[in-house]
Amino acid sequence: MAPAADRQGYWGPPTSTLDWCEENYAVTWYIAEFWNTVSNLIMIIPPVFGAIQSVRDGLEKRYIASYLALTVVGMGSWCFHMTLKYEMQLLDELPMIYSCCIFVYCMFECFKTKSSVNYHLLFTLVLFSLIVTTVYLKVKEPIFHQVMYGMLVFTLVVRSIYIVTWVYPWLRGLGYTSLGIFLMGFLLWNIDNIFCDSLRNFRKKVPPIIGVTTQFHAWWHILTGLGSYLHILFSLYTRTLYLRYRPKVKFLFGIWPVILFEPLRKH
């Protein structure tokens, strides 16, 4: 975490229970953690287009919700890192729980009939979200949130491994790429926390263009944003395969992955 000495800026002293390693108000008076803020664009813009495409393709609402939930996480994280206010921190952290619950629902319902609803699983996930929210608002302990979020991510990992091992082995590339990118982000998140003092001292000695590359919490946003987006594609690919569509991963401009498909024609 960040050392105590930091600049003051537009939003005033931080009230959040966390203050990350990026130097506060180092780039602009109006944004507390500039790079940790703008790096959230990867979680905001691409999922919006994914949601729009899902509506056009007539996909089930839960996949539209998955894309939009990732966008909400990105917007909440933007507000949190821009202000370092406690209320904005909640706007970042709680949607992380809610979005993961949506991902879990999608992954465990991908082999059901079209437009089916599992009310028992839905009730369980809503109850879990309410309990985590209530407890977290009361204890205000970031480690509690991180453990609860980790449990959801672990559930997604186990389910994904089951699918690529026993159901659709040819999806290993997409599934493991999503997981690997996410884990790389998690590694950099830990390095940023553990070696913050060393990273700050290093940034003082090198040109800013090099120092920016050591903003590992920003890399956490980029990598987990991409990993989460790829997870939605993996979940959607699995679902549309089961529904006997013809999904294909295409790359817009040769860079950004999207899923295109068409339903089997009725005879």
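Every residue gets a Cβ built from N, Cα and C, even glycine.
Other Cβ atoms within 10 Å of the Cβ of ASP19 (Ca(2+) binding site) number 18 in total over all chains. Marked as Ca(2+) binding site by TrEMBL: ASP19, TRP20, GLU22, ASN24, GLU33.
Counting only same-chain residues at least 6 apart in sequence, those with a Cβ under 8 Å from the Cβ of HIS81 (Zn(2+) binding site) are TRP20, GLU22, ILE31, ALA32, GLU33, ASN36, THR37, ASN40, ASP92. The Zn(2+) binding site feature in TrEMBL is assigned to HIS81, HIS217, HIS221.
Residues 20, 22, 26-28, 64, 67-68, 70-71, 73-75, 77-78, 81-82, 212, 215, 217-219, 221-222, 225-226, 228-229, 232, 256, 258 of the same chain lie 6+ residues outside the transmembrane segment (34-52) yet bring a C-beta within less than 8 angstroms of a C-beta in it. According to TrEMBL, the feature transmembrane segment maps to 34-52 (among others).
Sequence annotations record features per position, and here TrEMBL assigns transmembrane segment to 64-84 (among others).
Among the features that TrEMBL reports, transmembrane segment is placed at 96-112 (among others).
If you look up TrEMBL, you'll see 119-137 (among others) marked as transmembrane segment.
According to TrEMBL, the feature transmembrane segment maps to 143-162 (among others).
The transmembrane segment annotation in TrEMBL covers 174-191 (among others). For the transmembrane segment (174-191), same-chain residues at least 6 beyond its ends with a Cβ under 8 Å from one of its own Cβ atoms are 153, 157, 160-161, 163-164, 216-217, 219-224, 226-228, 230-231, 233-234, 237, 249.
Residues of the same chain lying 6 or more positions beyond the ends of the transmembrane segment (218-238) and with a Cβ under 8 Å from any Cβ of it are 22, 35-36, 38-40, 42-43, 46-47, 50, 54, 59, 63, 66-67, 70, 73-74, 77, 99, 103, 106-107, 110, 156, 160, 163, 167-168, 171, 174-175, 177-186, 188-189, 192, 247, 249, 257-259. Look at TrEMBL and you will find 218-238 (among others) tagged as transmembrane segment.
Relative to the transmembrane segment (143-162), the listed stretch 96-112 leads the set 64-84, 96-112, 119-137 in CB pairs under 8 A. Other residues of the same chain near the Zn(2+) site, with their Cβ within 8 Å of the Cβ centroid of HIS81, HIS217, HIS221, are TRP20, GLU22, GLU33, TRP35, ASN36, THR37, SER39, ASN40, SER77, GLN215, ALA218, TRP220. The separation of ASP19 (Ca(2+) binding site) from HIS217 (Zn(2+) binding site), Cα to Cα, is 11 Å. With a threshold of 8 Å between CB atoms, the same-chain residues lying at least 6 positions outside the transmembrane segment (119-137) that come near it are 90, 93-94, 97-98, 101, 104-105, 108-109, 144-145, 148. Neighbour counts of Cβ atoms within 10 Å were compared across the binding-site residues GLU33, HIS217; the minimum falls on HIS217.
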